[in-house]
């Protein structure tokens, strides 16, 4: 089904005007949503547990409260804490302080779609999901445009949930560049699949396997790193700017011919079947339950996965090479320490 892009002109109702807005969490998305909304004239407070984020929110000029206090004061509550802690945060501090007619929002449908969080029937549930990390949501807003966003309504108790979702998207700058309406089911399942099969899981596995093939064949690890990882950004930037067409117009004929000949040998029908199995585990809730259960057990699996990944040869080689390439960005130890 085709969807239609919507813009600021399509946001007809200033549904957030006169509302007290509580942003729960002041991490990557939390700092961006709250600052952008404040800059567009909205009344924003922060709800966060004591710690660095609490101190940072106060430093940035926000009235900052506990999560329970902020919920009690607000008409619209946007939950931007990490997925894995939202359920306990909601049950302990948000749910007891909700009132009929409130609206609760999310930037990802995980906890609502998989029913880890159940909001009372007399409360609106909406979504505004920017398609980019928080630092880009903030930076592009300050530059006069924004990051596109998806919006959705899960529960419309007041009849105003869609207007609230769209006005929220407008308030953070997303409607300047485009909004797409979706559902909680669609956003959640597609987002998880994209992360697991392509953007994160699929991509890192492809890079690591390519690195292993080259080094096991006797090629220098440093050269293998450049061929399978360092140059990835150059190719992805071209695809981002103009699709496969621009990428193929920009590479050599040799590379383009190899693309057509060898790509299908790597991503075979069996790989497609494996991707379908990944999607099935997302759709039936297996992945969600595995993730939440691991968190509740103290994250033994996630910790083990992180330790294993940190010890990959490609990571060690890359860390050394990047020391000689300051042009690639921040130092590894400082990268993305944004509003933690």
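Placed from the backbone N, Cα and C atoms, the Cβ positions cover glycine too.
Source: prediction; values computed, not measured.
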Exercise for the section: Among 132, 134, 144, indicate the single residue that Swiss-Prot lists for the NADP(+) site containing 26, 27, 28, 29, 49, 53, 83, 84, 85, 86. Expected result: 134
Handout entry: Spatial separation of residue 108 (active site) from residue 26 (NADP(+) binding site) - C-alpha basis, Å
Key = 16
Problem - Which same-chain residues, if any, lie at least 6 apart from residue 252 (substrate binding site) yet have Cβ under 8 Å of it - result: none
Problem - Cα-Cα distance linking residue 49 (NADP(+) binding site) and residue 231 (Mg(2+) 2 binding site), given in Å to the nearest integer - result: 41
Handout entry: Candidates 49, 83, 195, 227 (binding-site residues) - the one closest to residue 108 (active site) by CA
Key = 83
Handout entry: Averaged pLDDT, computed only over the residues in the domain 'KARI N-terminal Rossmann' (3-182)
Key = 97
Fill in the blank from the handout: One should report the C-alpha separation between residue 227 (Mg(2+) 2 binding site) and residue 28 (NADP(+) binding site), rounded to whole angstrom, as 32
